[in-house]
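Peer 1: One structure is given below, represented as structure tokens, and several questions about it will come after.
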Amino acid sequence: MTPGQPGEQLILEIEGLNHRGEGIGRHRGQVVFVPLAAPGDRIRATVTEVKKKYLRAGLAELLESGTGRAVPRCPAFGRCGGCHIQHLDYAHQLQYKTGLVRNAFARIGGLDGTAVLSMLGMDDPWHYRNKVRLHIGCREGKVVLGFFAPSSHVLGRLTGESFACRLLDEDLNRLVRVVEHWLNQNRNRLLADKGGISEITLRKAAGTGETMVVLTTAKDFRFRTEKMIGELAASGRITTVVQQMAESAGREEDAEQTEILYGPGYLTDRLDDLVFRLSATSFYQVNPAQTRVLYRLVRAYAGLTGREQVVDAFCGVGTIALYLARRAGHVLGLELSPAAVADAQRNARLNKITNATFEQGAVEKSLPRLLKGSHRPDLVVLDPPRRGCHRGMLDVLAGRAVPRVIYVSCDPATLARDLGYLAGHGYRLVEARPVDMFPQTSHVECAVLMSRVEK
Ligand SMILES: C[S@@+](CC[C@H](N)C(=O)[O-])C[C@H]1O[C@@H](n2cnc3c(N)ncnc32)[C@H](O)[C@@H]1O
């Protein structure tokens, strides 16, 4: 077998897509991944990367088009890095992602892929995101905000292009332009030395319209005038502005490293009949319409009668816990981030829910401790970050024979691994349902119900 060489031209038939949304072709028995290629395409591709087990190639010419192809709506698609599959029509996107989950279940978890129902999609899969994190760059002497191009630290945005992300809520698109203008007006004070703003995060509470701007800076950077922040808030009708010190950026447990510059320092959102307060560093789902779909699904899977003891592990600001509390005996939320736990406690009070309590700490420690003690939950909800759950924790869960487990995940591979483990330790896969939280991207969210097998 002769491997391809960088620069070599190949003719490929695209058989499917990998988990990153790249087309899969074959050249002399070797797998070739081609970003922006669609299943059914016949293409000419140029080899860009040669690895032991695969090649990567760039799409040079579309010779014949696959049936699921769509014209990408965004002119920056392919160089921006935020979207992976805008070139597929939405029905094919849903089919592809359902297939990813089924495959992962069968291949990684040794589970029955047919228990995975079709993905629940959106009526309008555009402008859904309530949050965006942007980097700062320069174009022709002007400060611009944008995303890094794929596999790079360079903004994918072109000179003269106005910011208009097709995934982002339109109010946030407007706000990006306001913040950009403000940065240009104050650039000497905000960006001149390395301690200035390095990243900007914008969030919107879709249920109330409130907006938040988070300015990420070096640890000791101080904004010199309140007037400047007041001007930003007024020009963008922004509810609150928060500074996040770089050492804590991305580390949700370091909430004390934030400083409120304007307004209350949190957003208040509404989802169905509940109200949620969110601090700058607290996790919150990014697609409000599909979050409702996901949480209602979790509530249906929970099948509560009003008496059950429930644990919501990795509970964030208590969203799932509070969706379940009105139909349960008691819900205990477990979460690492102190800011999110404070939000969750406040959220229980705001909603006049008295049977939900929240504990701060690492779930891999707190859940085994609870289960080895006297706590006997009827249901445990797991909603971990992408890396999934610690093996030791699943071990205790299975050892204590918790009757039902609902697993919510944003990573089919770690989900399948953990479910496979539970299936080998006394659990049965009842149903899995992917929910499209991230249209136009290859990211997949999925809710799963597992039930203890009676001996
Ligand atoms: C995917 S989010 C889910 C949050 C919530 N269920 C929701 O729907 O908004 C995962 C949460 O787990 C928290 N987390 C991360 N690692 C943790 C750990 N080791 N122990 C407890 N919580 C953790 C994060 O702070 C985050 O709030």
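A Cβ is built for glycine as well, from the same backbone N, Cα and C atoms used for every other residue.
Because the structure is a prediction, the values reported are computed rather than measured.
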Peer 1: Going by TrEMBL, Phe314, Glu335, Asp383 bind S-adenosyl-L-methionine; tell me which of Gln285, Gln290 is listed for that site too.
Peer 2: Gln285
Peer 1: Within 10 Å of the Cβ of Gln285 (S-adenosyl-L-methionine binding site), how many other Cβ atoms are there?
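Peer 2: For Gln285 (S-adenosyl-L-methionine binding site), the 10 Å Cβ neighbour count is 20.
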Peer 1: If you measure Cys410 (active site) to Asp383 (S-adenosyl-L-methionine binding site) at Cα, how many Å is it?
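Peer 2: Cys410 (active site) and Asp383 (S-adenosyl-L-methionine binding site) have their Cα atoms 9 Å apart.
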Peer 1: Within 10 Å of the Cβ of Asp383 (S-adenosyl-L-methionine binding site), how many other Cβ atoms can you find? Include all protein chains, please.
Peer 2: 23
Peer 1: Measure from the Cβ of Cys410 (active site) and count the other Cβ atoms within 10 Å, all protein chains considered.
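Peer 2: Around Cys410 (active site), other Cβ atoms within 10 Å: 18.
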Peer 1: Quick one: which residues besides Gln285, Phe314, Glu335, Asp383 have a Cβ within 8 Å of the S-adenosyl-L-methionine site's Cβ centroid, in sequence order?
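Peer 2: After dropping the recorded site residues, what remains is Phe283, Asp312, Cys315, Gly316, Thr319, Ile320, Pro384, Val408.
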Peer 1: When a 10 Å sphere is centred on the Cβ of Phe314 (S-adenosyl-L-methionine binding site), how many other Cβ atoms does it contain?
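Peer 2: The Cβ of Phe314 (S-adenosyl-L-methionine binding site) has 20 Cβ neighbours within 10 Å.
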